[in-house]
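Over in Swiss-Prot, the protein carries these features:
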type	residues	note
DISULFID	66-100	disulfide bond
DISULFID	70-76	disulfide bond
DISULFID	73-102	disulfide bond
SIGNAL	1-26	signal peptide
C-alpha cells in the first residue's frame with residue numbers, strides 16, 4: 001500500500017513539474033507586446049544596422065495564383081468573396097472563398 005501511494009505521489013509531482021515547465025517555457029518565448037523574444041527591430045540594433053523581420057501571414061488561406069484562370073481577360077486578380085448559401089434570408093456569418101476576378105466576372109481558381 002505504501003509503494004502505491006509513493007508511486008502516485010511521484011507521478012503527480014512529475015506531472016505538475018512538467019505542466020509548469022511547459023507553461024513557463026511557452027510564455028517566455030513571447031513578450032507582453034506579442035513579439036518573439038529573439039525578434040529585434042532595426043532601432044534595437046546597434047550602429048543603425050537594419051534587419052528585415054520575417055512576418056508570417058495571418059489566419060486563413062493564401063490567395064490563389066490566377067494565371068490563365070480568366071481566359072483572355074486581363075488583369076486577372078485574386079479576391080475574397082462571401083459565399084452565401086441558398087437561403088432566402090441573409091445570415092450574420094457566411095464563409096468566404098478565394099476567386100479570380102477580371103472586370104465584373106468571377107472565375108474559379
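Along the chain as shown, residues are numbered 1 onward.
Every residue gets a Cβ built from N, Cα and C, even glycine.
When the disulfide-bonded residues 66, 70, 73, 76, 102 are compared by the number of other CB atoms within 10 angstroms of each CB, 73 has the fewest. Long-range C-beta contacts of residue 100 (disulfide bond), restricted to its own chain and to partners at least six residues apart, with a cutoff below 8 Å, comprise 64, 66, 69, 70, 76, 77, 78, 79, 106, 107, 108, 109.
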